[in-house]
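Quick notes on the structure that follows.
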Amino acid sequence: MNDLKNALIKAQEDVRANCPMAPSITNFVTIDFVANAQIAVGGSAAMVYMPDEGGAMAEISKCLYINVGTLIPVHAETVPNAAKAAHEKCAYVLDPVAAGMGELRTKLLTDMKDYPPAIVRANASEVITLAKMWGLIDTDEGKVRGVDSTESVESAREAAETLARFIKGAVCVSGKDDLITDGERTILSFGGSEYFARITGSGCSLGGVCAVYHSVTDPFTAAVAATNAYNVAGAMAEKKAEGTASFKVAFLDALSNMTGDDLAACPMKEI
Ligand SMILES: Nc1ncnc2c1ncn2[C@@H]1O[C@H](COP(=O)(O)OP(=O)(O)O)[C@@H](O)[C@H]1O
Ligand SMILES: Cc1ncsc1CCOP(=O)(O)O
Ligand SMILES: [Mg+2]
């Protein structure tokens, strides 16, 4: 655990020192929150849409963020172009929002098996569904109910570990407690706030923040750094919040003051 804590401290220092740009192809609902969270932790944001833009961004950044939350026809070209370019030239974080819903989403996510992300950040249902889609596990679990999870974080452990080994990266399953694994090590990160489940975009923005940290460190450390940042900042924000809107503001404030020591102090447990 001490090695991990030191890596978290270094990751936060490197992000603040280098302000890495982690470009996103992300949904229209939460795009502003994603950009603001990325900037708050010390990174820089650039949101793109067009079929040639993800490839161009893969040339000038270390990690892209792809979130399939609100698909429109242009994404049929934009998403695979960006994912292929990022897989070859740098890396990408995937949020498979509402995996299993609709033909285009299913095709885009299924095809990503051939050019996988370095980090999958999703809720339990989405992680189980993606692992099933890629033929990595066989289970009756993984029922899709729009963008929210119907499964517990613990029930996604096998799917997450199998997926992490397949992508040779990390999987972060979010929920009340968050599970992060690289297929060898699996940890739980604690904290956060129930307010997260009452605002939209906490999951989406967490994926964008994973991409910022993965621009300076390995997938597992990056996924833990982002998750711990949310757990620490979420707990701080809850103390100030008077409702969901003031929670969101206080959360971004806390994220913008995040230090490496805060990330290392977040309660974690190896399981
Ligand atoms: N009940 C909860 N208590 C504490 N933190 C939570 C809770 N529900 C979600 N979170 C946090 O909210 C963020 C987004 O997770 P989640 O809501 O599972 O993603 P999604 O929005 O994609 O379904 C994560 O940082 C997670 O830890
Ligand atoms: C509500 C909604 N609909 C399509 S994408 C989206 C945002 C989901 O955000 P999150 O999974 O972070 O709550
Ligand atoms: Mg989500």
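Don't overthink the numbers, they just go from 1 along the chain as shown.
Cβ from N, Cα, C; glycine included.
TrEMBL entries are annotated by machine, without manual review.
Per TrEMBL, the features are as follows:
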- Met47, Gly201: substrate binding site (BINDING)
- Arg121, Ser174: ATP binding site (BINDING)
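Feature annotations (TrEMBL) mapped to structure.
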residue: Met47; record: substrate binding site; DSSP class: strand
residue: Arg121; record: ATP binding site; DSSP class: strand
residue: Ser174; record: ATP binding site; DSSP class: strand
residue: Gly201; record: substrate binding site; DSSP class: coil
Sparsest Cβ surroundings (other CB atoms within 10 Å) among the binding-site residues Met47, Arg121, Ser174, Gly201: Met47
Alpha-carbon distance [Gly201 (substrate binding site); Ser174 (ATP binding site)] in Å: 13
Binding-site residues whose CB lies under 6 angstroms from ligand 2, from Met47, Arg121, Ser174, Gly201: Gly201
Cβ under 6 Å from ligand 1: qualifying binding-site residues of Met47, Arg121, Ser174, Gly201: Ser174
Cα separation, Arg121 (ATP binding site) to Gly201 (substrate binding site) (Å, whole number): 13
